[in-house]
There are 2 protein chains.
Amino acid sequence: MTSREKHDRMANAIRFLSMDAVEKANSGHPGLPMGAADIATVLYTRFMKHDPKAPHWADRDRFVLSAGHGSMLLYSLLYLTGYEDITLDEIKNFRQLGSRTAGHPEYGHAAGIETTTGPLGQGLANSVGMALAERIMNAKFGDDLVDHYTYVLSGDGCLMEGISQEAIALAGHLKLNKLIVMWDDNNISIDGAVSLSDSTDQLARFAASGWNASRVDGHDPEAIADALEAARRSDRPTLIACKTTIGFGAPHKAGTNKAHGSPLGAEEIAGARKALGWDYPPFEVPSDILDAWRLSGLNAAKKRKEWETRLAAAESEIRAEFERRMRGELPGNFDTVIADYKKKLAADKPKVATRKSSEMALEVINGAVPETIGGSADLTGSNNTKTSQTNPIAPGQYDGRYVYYGIREHGMAAAMNGMALHGGVIPYSGTFLTFSDYARPAMRLASLMGIRVIFVMTHDSIGLGEDGPTHQPVEHLAALRAIPNHNVYRPADATESAECWQLALEDTKTPSTIALTRQNLPAVRTEFVEENLCGYGAYELATADGDAAVTIFASGSEVEIALAARTALQAHGHPTRVVSVPVFELFEKQSEKYQAAIIGNAPVKIAIEAAIRLGWDRFIGQDGIFIGMHGFGASGTIEQLYPHFGITADATVKAAEARLHKKSN
Amino acid sequence: MTSREKHDRMANAIRFLSMDAVEKANSGHPGLPMGAADIATVLYTRFMKHDPKAPHWADRDRFVLSAGHGSMLLYSLLYLTGYEDITLDEIKNFRQLGSRTAGHPEYGHAAGIETTTGPLGQGLANSVGMALAERIMNAKFGDDLVDHYTYVLSGDGCLMEGISQEAIALAGHLKLNKLIVMWDDNNISIDGAVSLSDSTDQLARFAASGWNASRVDGHDPEAIADALEAARRSDRPTLIACKTTIGFGAPHKAGTNKAHGSPLGAEEIAGARKALGWDYPPFEVPSDILDAWRLSGLNAAKKRKEWETRLAAAESEIRAEFERRMRGELPGNFDTVIADYKKKLAADKPKVATRKSSEMALEVINGAVPETIGGSADLTGSNNTKTSQTNPIAPGQYDGRYVYYGIREHGMAAAMNGMALHGGVIPYSGTFLTFSDYARPAMRLASLMGIRVIFVMTHDSIGLGEDGPTHQPVEHLAALRAIPNHNVYRPADATESAECWQLALEDTKTPSTIALTRQNLPAVRTEFVEENLCGYGAYELATADGDAAVTIFASGSEVEIALAARTALQAHGHPTRVVSVPVFELFEKQSEKYQAAIIGNAPVKIAIEAAIRLGWDRFIGQDGIFIGMHGFGASGTIEQLYPHFGITADATVKAAEARLHKKSN
C-alpha cells in the first residue's frame with residue numbers, strides 16, 4: 001500500500017463511519033465529513049499535537065469544528081485516534097438521547113470536543129479567543145509550557161455569518177499567527193450552490209484583514225500538508241481554502257446539496273462502498289486502518305511526556321501558578337481580599353454609578369487575580385472595564401491584560417468563550433446592555449457549555465438618558481434571565497457590585513452578565529457583613545417597622561427608589577420592607593423556606609425595575625404592583641425620564657396606598 | 001464668494017448647528033457632523049433627489065445615516081433644506097424629551113428620517129433592503145415611476161460590526177448598483193485611534209464582495225462629487241472612503257476621540273468659530289447661507305412634478321396598484337381569500353407541520369398579495385417559505401419574489417426592515433427560531449420603528465429532534481415576547497397558521513414572528529369560523545363538560561397535548577377546558593372582561609409549552625402548573641424528547657389530578 005493509498009483508506013474510514021452513523025440515526029449530515037475527510041486525515045495524522053490518552057493536556061493543539069453539523073467528522077477522528085470517551089458504540093448511538101455523540105458537538109460530552117458548535121460562525125470566533133489565550137499564556141509562561149496551534153475547520157456558512165468578519169478582523173489585527181483556518185470550500189449550501197447567495201472572493205477578503213490566504217485541492221493530501229506547513233511558519237493567521245466535493249464518494253449525491261443534511265440512503269451508500277473500494281460492513285474499520293489511526297494517536301505522546309518533564313522541572317511557584325490557572329481556581333486569598341474591600345466600602349459609603357463601583361471592584365480583583373483579561377467593544381471609558389493593572393494587548397504583544405475588541409460585540413463574546421475554553425485566563429468584557437442583543441448567540445452558548453465568562457453590561461436602563469430608545473434596554477434583563485444557566489446580576493451599590501463580581505468569579509460553571517448603571521447611586525448597604533448577601537439572589541435589605549403591610553422588591557438603581565418609598569410609607573403608618581433582588585437565578589437555588597420568607601405575606605407586593613415586568617410575577621404574583629417600563633424608552637435627560645415613565649418613590653407610594661385603601665374597603 | 005467658499009460656509013452651517021445643539025443639550029456627538037459636513041453638503045446640494053415639501057415622495061432618493069450617533073448631521077440637513085418637521089426650535093431642543101430631534105434618529109419622529117439608527121451597522125444593512133426594494137419596484141413599475149438611489153453615511157463602527165459583512169456581501173452579490181455608501185473614514189473610534197482594534201483594508205474588503213471602492217479627501221467637495229458621479233454610473237454598489245477629520249474645525253479636539261461623543265465646551269466652540277470664520281451667535285445661520293440651503297431643497301421639485309405627471313398619466317390600474325402598494329394596503333379581496341381558504345381547511349383537516357401549513361397559507365397569500373417578497377437564510381426547504389409564485393431574485397434580475405439571503409440572519413432581518421421602510425413590498429423570510437438570536441438587534445428595531453416585517457421562525461422547540469440543544473429554542477419565545485410591539489405567533493394547526501398570517505399581514509405597525517413546528521400536528525380547529533379567532537390572542541378551543549375543574553392553556557404543538565389531556569381528565573370526571581394561546585400580545589389588547597373570562601376560575605390551571613415558563617404566570621398564576629422546559633434541550637428523536645422532558649398528556653393529567661387531590665383534601 002502506498003502512502004497515498006493508506007491516506008485514502010484512512011480518510012475513507014471517516015467517510016464510512018459518518019455515512020453509516022447518519023444512516024443508522026436516520027438523521028445528520030454526511031456531506032461534510034465525506035468532503036473534509038482528507039483535510040482532517042492530514043491534520044490529525046501529520047500535525048495535531050494531542051494525546052488521546054491525556055486529552056486535557058494543557059499544551060495540546062486545539063481543533064475546532066466550526067461547521068458543527070459535520071459532527072461525525074469529529075466523532076470519527078476521536079474514535080479512530082483512540083479517545084476513550086468515543087467508543088464504537090457511541091458512534092452507533094449517534095444523535096440518540098443520552099449519547100455522547102449528539103447531533104452537534106457538545107462541549108463536556110466527550111474529551112476532544114473543544115467547544116460546542118452548530119450555530120454557524122461561533123467556532124471560528126471561539127478559535128480567535130483560544131489562539132489569543134494561547135499567546136497570553138505563552139507570554140506569561142514561555143514556550144516551554146505553552147506553545148500550540150489552534151486549527152479550525154470552517155464551512156461556507158461560517159464565513160457568511162457576520163460574526164466571521166468580526167473574528168477574522170480581530171485575529172488579523174492581533175496577528176494571531178498560530179491560528180489556522182481550513183475552509184471546506186465545497187460550493188454548496190443547503191439551498192443549493194453557494195452562488196445562489198454569495199459571490200465573495202474569500203481569499204481577498206481574508207487578505208484584507210491581514211491574513212495569509214492560500215488555495216489547495218482539498219483532496220490532495222500533499223497539497224494540504226504543504227499548506228499547513230506554510231501556515232505554521234507564518235507571522236499572520238492563515239486561511240487555507242480547500243476545494244472539496246461535498247459527499248465525496250457518493251456516486252449521485254456528491255457535489256450537491258442532497259449530500260448535505262440527510263442520510264444518503266442504502267443504495268447511495270452501497271454505491272459509495274463500490275466507488276471507494278470499501279468492502280466492509282457498516283461501522284467496521286479494517287484492523288490495519290484502525291491500527292494506523294491509533295498509531296497516529298500516539299504521535300505526540302512523547303512530546304506530551306517531555307512537556308510534563310518541563311513542567312515538573314519548572315520553578316515550583318511557576319508550576320503551581322500554571323496549574324492553578326489551568327484548573328480555573330482563584331488565588332487562595334481571594335475571599336479575604338473581597339472581605340477587606342467590603343469593609344472599606346462600608347466605611348466609605350461611596351455614591352457612584354455601579355459601572356464605577358464595578359471598576360473599583362475590578363481594581364481590587366485584578367490586583368488579586370492575575371488571570372483576568374479585560375476588554376470592551378470600544379466603550380472602555382463607558383464600561384469602566386480597564387484598571388491600573390491591565391495594559392493593552394496589541395499585535396505581537398501579548399503580555400497585557402486588556403483587549404480592545406473594537407465594535408464587535410458578537411465576536412468579542414465568542415472570543416471570550418474561546419478564552420475560557422482554552423483555560424488559564426478569565427475573560428470579562430463590556431458593552432452597553434442594549435447591545436447584549438448583538439452578542440446573544442455567543443452568550444447562549446456560554447450558558448449551554450457552562451463556562452466562566454463575564455459580560456459587563458453598562459447603561460442598563462433609561463437611566464442612560466439622552467441616547468434614547470435604541471440605547472435603552474427595557475426587555476434585555478428579562479431576555480437574559482430567560483437563558484438557562486446564565487446569571488444576571490444587577491447590583492444596587494458598591495457593596496453589591498463587589499459581591500456580584502465575587503459570585504461571578506467563583507462560579508466556574510455559569511456565565512454571568514453584570515448589569516450596571518450609568519447614573520450615580522447611593523450606598524444602600526451601609527454596614528459590613530462578611531457573608532455575600534447577593535449570593536442569596538434576593539435578601540431583606542430593610543425590615544418593616546412592624547408587621548409588613550407592603551413589601552417592595554427592587555434591583556439595581558431602583559433599590560434607592562424602593563428605600564425612599566419605604567420611608568414615606570412608614571411615615572404614613574404602613575410598615576414596609578424592602579427586598580433587594582440582585583440576581584434572580586441564585587434566589588431560585590435557595591430553599592423553599594428561604595424563598596417563602598423572602599417573598600413574605602405582606603398584603604401589598606410591589607416590584608420596581610426600570611425594565612419590563614416579565615419575570616417579576618415570581619415575586620409579586622399576578623396581583624402585584626409593578627413600577628417599571630411598559631414599552632420602549634425615550635430620548636431625554638434622566639431627570640425627565642424617570643418621572644415620565646412613572647418610576648419614582650412617589651408613584652410607588654401612591655400605588656401602594658391606593659391598593660391598601662382598596663384592600664381595607 | 002467663490003463656489004468653494006459658498007460650499008464651505010454651507011458645510012459650516014451644519015458644523016455650528018451641530019456644535020451648538022450638542023452644547024445646549026450638554027449631550028451628543030459633534031464629531032461626526034463636523035467631519036462629514038462636506039460630504040453631506042455635496043450630497044444634498046448636488047445629488048439628492050428629494051423634496052422637503054413632499055417628503056414622502058415615493059421616488060425620492062433615500063439617505064441613511066448609518067452612524068446614527070451623528071444625528072445632528074441629519075437634523076441640520078433637514079432643517080437647512082426646509083423640512084417642516086425640523087424647525088430651529090427642534091434643533092434647540094435636541095435630545096430633550098418630546099422633541100423630534102432625539103439622541104439618535106428615530107423613524108416616525110420627522111419626515112426625512114428614513115430609518116432608526118444608532119445600533120451600529122443597522123442602517124447600512126437597512127440600505128441594502130431599500131436598494132433591493134427599489135429594484136424590485138422598478139422591475140414591476142419601470143423607470144418612469146421608480147428610479148432612485150440609496151445613499152448611506154457609514155462610520156468605522158458600522159464597518160466593524162459583523163452585520164456589515166452580511167450586508168455588503170448580499171448587496172455585492174445582487175449587484176445593487178444604485179446603493180452608494182460613503183464611509184466617514186476618520187480613523188477614530190471611542191476608545192481612540194481605530195488602529196487600536198482594527199487593521200482592515202476596507203477598500204480591498206468591499207472589492208472582495210463585488211463592490212466598487214474608491215478613496216477621496218472627504219473635505220474636497222469636487223473630489224466627493226466626482227466620486228459620486230462615478231458611483232452613480234457604476235454597475236455595482238459603491239463604497240467611497242472619504243478621509244475626514246473628526247470634529248473638523250475644533251482647534252484642539254479635531255482628529256481625536258475627544259470630539260466624538262461629548263460637547264466640545266464653550267472655549268473649543270469659540271475657537272472653532274474663529275478658525276472657520278463663523279461670526280454668528282449660536283443657532284444662527286446667516287440668511288445668505290440659509291437661502292442657499294433652502295434653494296438647494298428645491299433642486300428636485302421639478303423632477304417631483306414631472307414624476308407626478310407620469311404617475312397621473314399611467315394606466316389607471318397600474319397607478320392604483322402602485323399607490324395601493326405604497327400606502328401599504330392589502331388587496332381588497334384579501335379577507336375573502338383567507339375566508340375561502342379557511343373553509344377548505346375546515347373540510348380537509350390536514351395533519352401537517354405548521355411550517356407546512358404556513359407554506360400552504362403562503363401559497364394562497366402570495367397568489368392574492370403580489371407585493372410579498374419571501375426568502376430564507378439558506379433554509380428554504382426547512383422554512384417552507386417559497387411558493388409557486390415566488391421566482392428567485394438574482395444578480396441583475398429583480399422581477400422575482402424570493403431572496404436567497406444566504407446564511408445571514410442578521411443582515412436578512414435588517415434588509416427586510418429596509419424593504420418595509422422603502423415601501424411597496426412586504427418582506428417575510430425564514431430561519432430556525434433558535435437563530436432569531438442572530439437577528440435580534442434588527443428585530444428589535446423593527447418593533448421600535450413599528451413596521452410590517454414578518455419573521456418566519458421554524459423548528460420552534462425540542463420537537464425538531466436530533467439537532468440538539470444548539471438548535472432547540474427554549475427561551476426564544478419568551479425572549480421575543482419580551483420585545484415591546486412585537487407579535488409572536490405560535491399557531492397550533494393549519495387554520496391557526498392561516499389566521500396568524502392574516503393578522504401579521506394586516507398589522508402594518510407591528511412586526512411579527514411566526515413560530516412554526518417541524519413535526520406534524522393534527523387539525524385542532526375542525527369547524528369553519530369566519531372570524532379570526534387568533535385575533536383574540538387566546539380563545540377557548542374546547543369547553544369543559546360541566547363546571548371546569550381544570551383549564552389548560554397551550555400554544556402551537558402543545559395544544560394537541562392539551563386536548564388529549566382534556567379527554568383523559570374528563571373521562572376521569574374532571575371537566576376540563578382548553579384555551580389556545582396563539583399570540584400573547586393580542587390577548588393583552590382585549591377587554592378586561594374578555595381576559596377574565598378566558599382565564600376563568602377553574603381551581604387548577606395548567607400551561608403547556610415546550611419552552612420555559614417565563615410569561616405563562618400571566619395565565620396560570622404563581623400557583624399554576626407548568627408543563628414545559630426547565631433548561632436546555634437535548635439531542636434525540638422527538639419520540640424520545642417529549643417524554644424525557646415530561647411534556648406529555650400523561651404528565652399533564654397526573655399533575656392535574658395530584659393538584660385536584662391536594663385541593664380536595
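Note: Cβ is positioned from N, Cα and C throughout, glycine not excepted.
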Given that TrEMBL records B:H69, B:G118, B:P119, B:L120, B:N186, B:H260, B:F435 as binding thiamine diphosphate, the matching residue among B:G157, B:G406, B:G463, B:G465 is B:G157
Among B:D156, B:D201, B:D217, B:D220, TrEMBL assigns to the Mg(2+) site of B:N186, B:I188 just B:D156
Listed by TrEMBL with B:H29, B:H260, B:S382, B:H459, B:D467, B:H471, B:R518 as binding substrate, from among B:R60, B:R62, B:R232, B:R355, is B:R355
Among B:H69, B:P119, B:D156, B:G157, i.e. the binding-site residues, the one with its Cα nearest that of B:D467 (substrate binding site) is B:P119
Near chain A at Cβ under 8 Å, of the listed binding-site residues B:G118, B:L120, B:F435, B:H459, B:R518, we get B:G118, B:L120, B:F435
B:H260 (substrate binding site) to B:H69 (thiamine diphosphate binding site), Cα to Cα, whole Å, comes out at 9
Rounded Cα distance, in Å, between B:D156 (Mg(2+) binding site) and B:N186 (thiamine diphosphate binding site) is 8
Taking every pair from B:H69, B:G118, B:P119, B:L120, B:G157, B:N186, B:H260, B:F435, which the record gives as binding thiamine diphosphate, the longest CA to CA distance in angstrom is 34
For B:S382 (substrate binding site), the nonlocal same-chain Cβ neighbours (under 8 Å, six or more residues apart) come out as B:R355, B:S376, B:G430, B:F432, B:T458, B:H459, B:R518
Once DSSP output is merged into helix, strand and coil, B:H459 (substrate binding site) belongs to coil
Within 10 Å of B:H29 (substrate binding site) (Cα basis), scanning recorded positions B:H69, B:N186, B:E409, I find B:H69
Per DSSP (helix/strand/coil reduction), B:I188 (Mg(2+) binding site) sits in strand
Cβ-Cβ distance under 8 Å, sequence separation of 6 or more, same chain as B:I188 (Mg(2+) binding site); the residues meeting this, in order, are B:G31, B:D156, B:V194, B:I246, B:G255, B:T256, B:N257, B:A259, B:H260
